[in-house]
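Peer 1: Before I ask anything, here is the structure I am working with.
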Amino acid sequence: MWAAPRDDHNRLFFVLMATLIALAWLALWAWGRSPGGLFYGHHDSTAFARGGSFVLVFVIGWTVMVVAMMLPTSLPLITLFRTIARQRRDRALLVALLIAGYIGTWTLFGGVVYLGGWALHRLIGQSGLLEANTWVLGAGIIMLAGLYQFTPLKYKCLEKCRSPLSFVTEHWRGNRERSQAFRLGVHHGLFCVGCCWSLMLLMFVVGAGSLGWMLVLGAVMAVEKNVSWGRRIGAPLGVVLLGFGLTLGIAPALQSSARIPLAPANDSAVSGTANFTDTSGGIEIRLDVEGLPDPGAMYLAHIHPGSCAGEPAGNDENHGRHQDHGHHSDAGEIEHPLTPVVSGTSGDGSSDTVIEGFTVAQLFSGGESYVNVHAESYGSQGPAVSLACGDLGRR
């Protein structure tokens, strides 16, 4: 019978593993809060269009995420292997090679994920329908993860992961120890990817900067792989994911009205609301604004790509005049011109616009956009200053 390694060695091993995993979580937390961690707070496909050095950033971030989320789920096998290799002088190296093979397999899968995301971004760029309905992709990923919960491949891979002793016995022969230790890690990584890849992809729906979701998904995968009753949560989890994905897919299509607040911009006192309603001819958009500084003046309004956070204080290059609505777009910067708002004697004003050929669901399903109300001021009078702004809150 094998004797367990000495207690002091056991303590050191678990301290090192706990430290490695804790540092990975800390790195994800710090990265998600830093400007360099921009990707890890967003889950739209434009992140995959950056190319160049971002490929390396993605792979590093993915690997850190694997250490934080997936390495803990493989501790039973790693601990067992360390016990088997207890009498070898290089057992620390063998364990390190096992871990390297395991993480390396997940890192290669991360490269595949990046290539898939890049291809998907190219497809979205070539399809106006997909570009206007990117929410379909998120719903599709969630439903794919739900369906995979019921596949034989999922359960075959889980069975391999649930029996560390059988797995080590099958793949460890004790000769050419170093290469075998690495291959053992690779094989274990392949089966781990096989049972968990779809759940890992959910990070791109909920946002890869959400530590809360990382903890939840990591806990679910750990239970599925290592707990005796883990198999019993597979089907209920699949049902929940399918239901959530279906709801996410149907909800935008059923949306027929929406209302967003218009908040003051550039230290103005202007605020209001924008109401969107489906009509037989398109979308009716009503702006109700208060606090306008000049009674009787006309204030231009439009829907712009991007978000209020990126709206410049003044932009006379993209806010010229339009023959119908008071402005034009030099570089496709204005998505939809809106009827100008004319201020009353008390500084209140409103306007009504109908955008033909669109629905509220379509308007709120594409990339980020915002409603902007700004002063009519150009040329020698200075740039057009944004007075009130509201994000459409797209998916």
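Including glycine, each Cβ sits where the backbone N, Cα and C put it.
What TrEMBL records for this protein is below:
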COMPBIAS  316-336  compositional bias 'Basic and acidic residues'
COMPBIAS  341-350  compositional bias 'Low complexity'
REGION    308-350  region 'Disordered'
TRANSMEM  12-31  transmembrane segment
TRANSMEM  51-71  transmembrane segment
TRANSMEM  92-120  transmembrane segment
TRANSMEM  132-150  transmembrane segment
TRANSMEM  188-221  transmembrane segment
TRANSMEM  233-254  transmembrane segment
Peer 1: Going along the chain, which residues at least six beyond the ends of the transmembrane segment (92-120) come within the CB cut-off of under 8 Å?
Peer 2: 13, 45, 47-49, 51, 55, 58-59, 62-63, 66-67, 70-71, 74, 78, 81-82, 85, 137, 177-178, 181-190, 192-193, 197, 201, 204
Peer 1: May I ask for the residues of the chain that lie six or more residues beyond the transmembrane segment (51-71) and have a Cβ under 8 Å from a Cβ within it?
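Peer 2: Hits for the transmembrane segment (51-71): 17, 20-21, 24-25, 27-28, 31, 36-37, 39-40, 99, 102-103, 106-107, 110-111, 113-114, 118, 192, 196, 200, 203, 208, 214, 217-218, 221.
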